[in-house]
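Contents: one structure, followed by commentary.
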Amino acid sequence: MAMVCLSDFEAYAKKYLPKIAWDYFAAGADECTTRDENILAYKRIRFRPRMLWDVSVMDIKTKILGSEISFPVGIAPTGFHQLAWPDGEKSTARAARAMNTCYIASTYSTCTLEEICVAAPGGLRWFQLYIHRNRAASQQLVQRAEALGFQGLVLTADLPYTGKRRDDVRNGFCLPPHMKVKNLEQAFEYGLPPNSLDPSVTWNDVYWLRSLTRLPIIIKGILTREDAELAVRHGVLGIIVSNHGGRQLDEGPATIDALVEVVEAVRGRVEVYVDGGIRKGSDVLKALALGAKCVFIGRPALWGLAYKRKGIKKEKKILNLPVFYKKIKIVNMFYWFLRFLVSITQRKTHSLLFVKTQSSI
(Lines of atoms letter the chains of each structure in order from A and count residues from 1; the text may use other names and numbers.)
(Lines give C-alpha, C1' and ligand atoms only; values in the text may rest on other atoms or scores of the structure.)
Protein backbone atom coordinates (compact mmCIF):
# COMPACT_ATOMS: atom_id res chain seq x y z
CA MET A 1 0.00 0.00 0.00
CA ALA A 2 1.42 3.37 -1.04
CA MET A 3 1.44 5.76 1.91
CA VAL A 4 0.85 9.22 0.49
CA CYS A 5 -1.05 10.99 3.30
CA LEU A 6 -1.88 10.56 6.97
CA SER A 7 -5.24 8.98 6.27
CA ASP A 8 -3.32 6.11 4.64
CA PHE A 9 -1.44 5.51 7.89
CA GLU A 10 -4.73 5.71 9.78
CA ALA A 11 -6.37 3.17 7.46
CA TYR A 12 -3.39 0.84 7.78
CA ALA A 13 -3.49 1.01 11.58
CA LYS A 14 -7.23 0.36 11.63
CA LYS A 15 -6.80 -2.67 9.37
CA TYR A 16 -3.87 -4.33 11.15
CA LEU A 17 -4.16 -3.40 14.81
CA PRO A 18 -6.24 -5.66 17.04
CA LYS A 19 -9.73 -4.18 17.28
CA ILE A 20 -9.47 -3.55 21.02
CA ALA A 21 -6.24 -1.58 20.50
CA TRP A 22 -7.60 0.41 17.56
CA ASP A 23 -10.78 1.25 19.46
CA TYR A 24 -8.77 2.44 22.45
CA PHE A 25 -6.57 4.75 20.39
CA ALA A 26 -9.45 6.06 18.25
CA ALA A 27 -12.02 6.52 20.99
CA GLY A 28 -13.57 9.81 21.99
CA ALA A 29 -15.77 10.56 24.96
CA ASP A 30 -19.49 9.79 24.64
CA GLU A 31 -20.62 10.68 21.08
CA CYS A 32 -17.11 11.74 19.98
CA THR A 33 -18.35 15.22 19.07
CA THR A 34 -15.26 17.00 20.39
CA ARG A 35 -12.87 14.45 18.90
CA ASP A 36 -14.38 14.99 15.46
CA GLU A 37 -14.70 18.76 15.88
CA ASN A 38 -10.95 19.01 16.50
CA ILE A 39 -10.46 17.97 12.87
CA LEU A 40 -13.42 19.77 11.33
CA ALA A 41 -12.49 23.11 12.89
CA TYR A 42 -9.26 23.25 10.88
CA LYS A 43 -11.24 22.79 7.66
CA ARG A 44 -13.24 25.96 8.38
CA ILE A 45 -10.10 28.11 8.49
CA ARG A 46 -8.92 29.59 5.20
CA PHE A 47 -5.59 31.13 4.26
CA ARG A 48 -5.09 34.71 3.08
CA PRO A 49 -2.04 34.06 0.92
CA ARG A 50 0.45 36.87 0.31
CA MET A 51 2.51 36.79 -2.88
CA LEU A 52 6.00 37.80 -4.04
CA TRP A 53 7.86 37.05 -0.83
CA ASP A 54 11.37 35.66 -1.07
CA VAL A 55 11.04 31.98 -0.18
CA SER A 56 14.35 30.83 -1.64
CA VAL A 57 15.62 30.05 1.88
CA MET A 58 13.38 27.70 3.85
CA ASP A 59 13.98 27.23 7.55
CA ILE A 60 11.47 25.91 10.07
CA LYS A 61 13.75 25.47 13.07
CA THR A 62 12.33 26.93 16.25
CA LYS A 63 12.95 26.87 20.00
CA ILE A 64 10.64 25.67 22.74
CA LEU A 65 11.63 26.72 26.25
CA GLY A 66 15.11 27.45 24.95
CA SER A 67 15.72 24.10 23.22
CA GLU A 68 16.06 24.11 19.44
CA ILE A 69 13.98 21.68 17.42
CA SER A 70 14.19 21.07 13.68
CA PHE A 71 10.56 21.88 12.99
CA PRO A 72 7.50 22.88 15.04
CA VAL A 73 5.87 19.46 15.45
CA GLY A 74 6.40 17.38 18.59
CA ILE A 75 4.95 14.12 19.88
CA ALA A 76 2.21 14.51 22.48
CA PRO A 77 1.93 12.21 25.51
CA THR A 78 -0.16 9.12 24.85
CA GLY A 79 -0.21 5.90 26.81
CA PHE A 80 0.30 2.24 26.04
CA HIS A 81 2.45 2.44 22.89
CA GLN A 82 3.19 -1.29 23.07
CA LEU A 83 -0.38 -1.83 21.88
CA ALA A 84 0.83 -0.44 18.55
CA TRP A 85 4.38 -1.84 18.38
CA PRO A 86 6.36 -4.15 20.71
CA ASP A 87 9.12 -1.61 21.35
CA GLY A 88 6.49 0.91 22.38
CA GLU A 89 7.66 4.26 23.64
CA LYS A 90 11.29 3.39 22.96
CA SER A 91 10.60 3.54 19.21
CA THR A 92 8.67 6.77 19.61
CA ALA A 93 11.54 8.39 21.49
CA ARG A 94 14.05 7.22 18.88
CA ALA A 95 11.99 8.76 16.09
CA ALA A 96 11.71 12.08 17.91
CA ARG A 97 15.45 12.16 18.55
CA ALA A 98 16.23 11.28 14.91
CA MET A 99 14.04 14.17 13.77
CA ASN A 100 15.41 16.47 16.49
CA THR A 101 12.05 17.30 17.97
CA CYS A 102 10.35 16.99 21.35
CA TYR A 103 8.83 13.81 22.75
CA ILE A 104 6.56 13.99 25.79
CA ALA A 105 6.63 10.69 27.66
CA SER A 106 3.40 9.71 29.39
CA THR A 107 2.95 8.63 32.99
CA TYR A 108 1.12 5.67 31.45
CA SER A 109 4.01 4.50 29.29
CA THR A 110 4.49 0.79 28.79
CA CYS A 111 8.26 1.37 28.95
CA THR A 112 10.01 2.84 31.95
CA LEU A 113 11.47 6.32 31.87
CA GLU A 114 14.88 4.69 32.16
CA GLU A 115 14.25 2.49 29.11
CA ILE A 116 13.13 5.50 27.09
CA CYS A 117 16.29 7.42 27.99
CA VAL A 118 18.56 4.50 27.10
CA ALA A 119 16.77 4.01 23.78
CA ALA A 120 17.13 7.64 22.73
CA PRO A 121 19.98 9.28 24.65
CA GLY A 122 20.33 13.00 24.19
CA GLY A 123 16.90 13.65 22.74
CA LEU A 124 14.64 16.47 23.90
CA ARG A 125 12.19 14.86 26.32
CA TRP A 126 9.51 16.22 28.60
CA PHE A 127 7.64 14.12 31.14
CA GLN A 128 3.85 14.23 31.41
CA LEU A 129 2.41 13.81 34.90
CA TYR A 130 -0.96 12.70 36.19
CA ILE A 131 -1.27 13.47 39.89
CA HIS A 132 -2.51 10.39 41.73
CA ARG A 133 -4.10 10.03 45.13
CA ASN A 134 -0.80 8.45 46.10
CA ARG A 135 1.07 11.75 46.16
CA ALA A 136 4.32 10.04 47.11
CA ALA A 137 4.20 8.12 43.83
CA SER A 138 3.68 11.33 41.87
CA GLN A 139 6.51 13.05 43.71
CA GLN A 140 8.82 10.12 43.04
CA LEU A 141 8.01 10.22 39.32
CA VAL A 142 8.77 13.94 39.07
CA GLN A 143 12.10 13.60 40.82
CA ARG A 144 12.97 10.49 38.84
CA ALA A 145 12.30 12.27 35.54
CA GLU A 146 14.46 15.22 36.56
CA ALA A 147 17.31 12.93 37.61
CA LEU A 148 17.14 11.16 34.23
CA GLY A 149 17.57 14.41 32.33
CA PHE A 150 14.04 15.17 31.19
CA GLN A 151 13.89 18.88 30.39
CA GLY A 152 10.27 19.76 31.15
CA LEU A 153 7.35 18.67 33.34
CA VAL A 154 3.92 18.60 31.68
CA LEU A 155 1.02 18.60 34.14
CA THR A 156 -2.20 17.25 32.63
CA ALA A 157 -5.03 19.31 34.11
CA ASP A 158 -8.08 17.94 32.31
CA LEU A 159 -8.39 14.45 33.78
CA PRO A 160 -9.87 14.45 37.30
CA TYR A 161 -11.84 11.38 36.19
CA THR A 162 -11.54 9.17 33.13
CA GLY A 163 -13.98 9.97 30.34
CA LYS A 164 -16.62 7.49 29.23
CA ARG A 165 -15.41 5.98 25.98
CA ARG A 166 -18.16 3.71 24.77
CA ASP A 167 -16.07 1.30 22.72
CA ASP A 168 -13.72 0.76 25.65
CA VAL A 169 -16.71 -0.08 27.84
CA ARG A 170 -18.12 -2.46 25.22
CA ASN A 171 -14.73 -4.13 24.74
CA GLY A 172 -13.97 -4.35 28.45
CA PHE A 173 -10.65 -2.69 27.67
CA CYS A 174 -7.63 -3.62 29.75
CA LEU A 175 -3.96 -4.13 28.98
CA PRO A 176 -2.82 -7.62 27.97
CA PRO A 177 -1.20 -9.49 30.87
CA HIS A 178 2.34 -8.98 29.54
CA MET A 179 1.97 -5.17 29.36
CA LYS A 180 2.35 -3.00 32.43
CA VAL A 181 2.16 0.67 33.35
CA LYS A 182 5.80 0.30 34.21
CA ASN A 183 6.45 3.70 35.77
CA LEU A 184 3.91 2.98 38.50
CA GLU A 185 4.66 -0.69 39.22
CA GLN A 186 6.46 0.04 42.47
CA ALA A 187 3.76 2.40 43.72
CA PHE A 188 0.85 0.07 42.96
CA GLU A 189 1.92 -3.47 43.75
CA TYR A 190 -1.22 -5.13 42.35
CA GLY A 191 -1.69 -2.93 39.31
CA LEU A 192 -3.17 0.51 38.81
CA PRO A 193 -6.42 0.63 40.79
CA PRO A 194 -9.62 2.24 39.49
CA ASN A 195 -10.06 5.88 40.46
CA SER A 196 -6.37 6.24 41.27
CA LEU A 197 -6.28 9.80 39.89
CA ASP A 198 -6.62 12.58 42.43
CA PRO A 199 -9.79 14.61 41.70
CA SER A 200 -8.90 17.18 44.38
CA VAL A 201 -6.04 18.72 42.36
CA THR A 202 -6.23 22.54 42.23
CA TRP A 203 -4.08 25.43 41.08
CA ASN A 204 -2.30 25.32 44.45
CA ASP A 205 -0.78 22.02 43.38
CA VAL A 206 1.23 23.86 40.75
CA TYR A 207 3.07 25.47 43.67
CA TRP A 208 3.53 22.00 45.18
CA LEU A 209 5.10 20.76 41.95
CA ARG A 210 7.35 23.80 41.75
CA SER A 211 8.60 22.95 45.24
CA LEU A 212 9.59 19.46 44.05
CA THR A 213 11.56 20.27 40.93
CA ARG A 214 13.59 22.84 39.05
CA LEU A 215 12.10 21.68 35.76
CA PRO A 216 9.96 24.20 33.86
CA ILE A 217 6.28 23.36 34.23
CA ILE A 218 4.00 23.21 31.21
CA ILE A 219 0.27 22.81 31.86
CA LYS A 220 -1.76 20.73 29.42
CA GLY A 221 -5.52 20.94 29.01
CA ILE A 222 -6.16 24.71 29.02
CA LEU A 223 -9.04 25.90 26.82
CA THR A 224 -10.13 29.29 28.20
CA ARG A 225 -8.83 32.79 28.77
CA GLU A 226 -9.50 32.57 32.50
CA ASP A 227 -7.45 29.40 32.99
CA ALA A 228 -4.66 30.74 30.80
CA GLU A 229 -4.38 33.79 33.04
CA LEU A 230 -4.33 31.56 36.12
CA ALA A 231 -1.58 29.45 34.58
CA VAL A 232 0.59 32.52 34.08
CA ARG A 233 -0.15 33.72 37.60
CA HIS A 234 0.94 30.38 39.06
CA GLY A 235 4.30 30.42 37.33
CA VAL A 236 4.01 27.89 34.51
CA LEU A 237 6.27 28.53 31.54
CA GLY A 238 4.17 26.87 28.86
CA ILE A 239 0.57 26.00 28.02
CA ILE A 240 -0.63 23.19 25.78
CA VAL A 241 -4.09 24.04 24.49
CA SER A 242 -5.66 20.59 24.59
CA ASN A 243 -8.91 18.75 25.16
CA HIS A 244 -7.23 15.36 25.50
CA GLY A 245 -8.05 14.50 21.90
CA GLY A 246 -11.74 14.66 22.77
CA ARG A 247 -11.32 11.58 24.97
CA GLN A 248 -12.43 13.01 28.32
CA LEU A 249 -15.13 15.69 28.08
CA ASP A 250 -17.44 15.75 25.09
CA GLU A 251 -19.11 18.93 23.78
CA GLY A 252 -16.11 21.15 24.54
CA PRO A 253 -14.41 23.52 22.09
CA ALA A 254 -12.07 22.41 19.35
CA THR A 255 -8.50 23.19 20.33
CA ILE A 256 -7.77 25.39 17.32
CA ASP A 257 -10.81 27.50 18.24
CA ALA A 258 -9.61 27.81 21.84
CA LEU A 259 -6.05 28.66 20.77
CA VAL A 260 -6.78 32.27 19.81
CA GLU A 261 -8.40 33.00 23.17
CA VAL A 262 -5.47 31.53 25.09
CA VAL A 263 -2.83 33.31 22.99
CA GLU A 264 -4.57 36.65 23.52
CA ALA A 265 -4.80 36.04 27.28
CA VAL A 266 -1.13 35.27 27.89
CA ARG A 267 0.14 38.18 25.76
CA GLY A 268 3.49 36.53 25.11
CA ARG A 269 4.33 35.93 28.77
CA VAL A 270 4.50 32.13 28.30
CA GLU A 271 4.82 29.88 25.29
CA VAL A 272 1.61 28.40 23.89
CA TYR A 273 1.35 25.07 22.06
CA VAL A 274 -1.65 23.15 20.74
CA ASP A 275 -2.62 19.56 20.04
CA GLY A 276 -5.71 17.79 18.72
CA GLY A 277 -6.99 17.29 15.18
CA ILE A 278 -3.75 18.10 13.36
CA ARG A 279 -3.67 15.95 10.24
CA LYS A 280 -1.91 17.98 7.53
CA GLY A 281 0.97 20.37 7.12
CA SER A 282 -1.60 23.06 6.41
CA ASP A 283 -3.09 22.41 9.86
CA VAL A 284 0.34 23.07 11.35
CA LEU A 285 0.56 26.32 9.40
CA LYS A 286 -2.85 27.44 10.64
CA ALA A 287 -1.93 26.78 14.25
CA LEU A 288 1.36 28.67 13.92
CA ALA A 289 -0.34 31.60 12.22
CA LEU A 290 -2.87 31.76 15.07
CA GLY A 291 -0.13 32.02 17.67
CA ALA A 292 1.07 28.54 18.58
CA LYS A 293 4.82 28.17 19.08
CA CYS A 294 4.66 24.46 18.24
CA VAL A 295 2.06 21.74 17.74
CA PHE A 296 1.97 18.25 19.19
CA ILE A 297 0.48 15.13 17.63
CA GLY A 298 -0.94 12.11 19.44
CA ARG A 299 -2.90 9.56 17.42
CA PRO A 300 -0.86 10.02 14.19
CA ALA A 301 2.29 8.99 16.05
CA LEU A 302 0.54 5.80 17.12
CA TRP A 303 -0.46 5.11 13.51
CA GLY A 304 3.20 5.47 12.59
CA LEU A 305 4.12 2.84 15.16
CA ALA A 306 1.42 0.53 13.87
CA TYR A 307 2.88 0.84 10.37
CA LYS A 308 5.99 -0.95 11.65
CA ARG A 309 4.02 -4.04 12.65
CA LYS A 310 4.50 -5.66 9.23
CA GLY A 311 8.21 -4.87 9.25
CA ILE A 312 7.91 -2.74 6.13
CA LYS A 313 11.29 -1.61 4.85
CA LYS A 314 11.75 2.11 4.82
CA GLU A 315 12.16 3.80 1.48
CA LYS A 316 15.55 5.48 1.52
CA LYS A 317 14.62 7.49 -1.54
CA ILE A 318 12.82 9.98 0.71
CA LEU A 319 16.30 11.02 1.84
CA ASN A 320 17.47 11.71 -1.71
CA LEU A 321 17.73 15.38 -0.92
CA PRO A 322 17.84 16.92 -4.43
CA VAL A 323 14.69 15.04 -5.47
CA PHE A 324 13.19 15.62 -2.04
CA TYR A 325 13.50 19.40 -2.26
CA LYS A 326 11.99 19.49 -5.73
CA LYS A 327 8.92 17.58 -4.63
CA ILE A 328 8.33 19.05 -1.19
CA LYS A 329 5.48 21.51 -0.85
CA ILE A 330 4.32 23.47 2.13
CA VAL A 331 1.47 21.10 2.96
CA ASN A 332 3.62 17.95 2.66
CA MET A 333 5.77 18.54 5.73
CA PHE A 334 3.56 16.72 8.20
CA TYR A 335 3.39 13.62 6.00
CA TRP A 336 7.15 13.45 5.76
CA PHE A 337 7.41 13.72 9.52
CA LEU A 338 5.27 10.64 9.92
CA ARG A 339 7.42 8.77 7.43
CA PHE A 340 10.41 9.61 9.59
CA LEU A 341 8.57 8.27 12.61
CA VAL A 342 8.72 4.83 11.03
CA SER A 343 12.21 5.29 9.59
CA ILE A 344 15.32 3.78 11.11
CA THR A 345 17.69 6.20 9.44
CA GLN A 346 19.69 8.70 11.46
CA ARG A 347 20.36 11.13 8.58
CA LYS A 348 19.08 14.62 9.15
CA THR A 349 17.06 16.81 6.83
CA HIS A 350 16.89 20.54 6.74
CA SER A 351 14.45 23.27 5.84
CA LEU A 352 11.33 21.35 4.89
CA LEU A 353 8.88 24.20 5.25
CA PHE A 354 8.98 27.96 5.15
CA VAL A 355 6.68 29.91 7.44
CA LYS A 356 6.60 33.68 6.94
CA THR A 357 5.69 35.24 10.27
CA GLN A 358 3.94 38.12 8.54
CA SER A 359 1.42 35.75 6.99
CA SER A 360 -2.17 36.10 8.07
CA ILE A 361 -5.28 34.01 7.80
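Using N, Cα and C of the backbone, Cβ positions are placed for all residues, glycine too.
Per TrEMBL, the glyoxylate site holds ARG165, HIS244, ARG247; the candidate it also names there, chosen from TYR24, TYR42, TYR103, is TYR24. GLY79 (FMN binding site) sits 10 Å from TYR24 (glyoxylate binding site), taking the CA atoms of both as reference points. Binding-site extent for glyoxylate: residues TYR24, ARG165, HIS244, ARG247, maximum pairwise Cα distance 13 Å (rounded to the nearest whole number). Comparing CA positions across the binding-site residues TYR24, ARG165, HIS244, ARG247, the one lying closest to PRO77 (FMN binding site) turns out to be HIS244.
Checked against GLN128 (FMN binding site), the binding-site residues TYR24, ARG165, HIS244 differ in C-alpha distance, with HIS244 being the nearest. Note on proximity: among TYR24, ARG165, HIS244, ARG247, the binding-site residues of the record, the Cα nearest ILE278 (FMN binding site) is that of HIS244.
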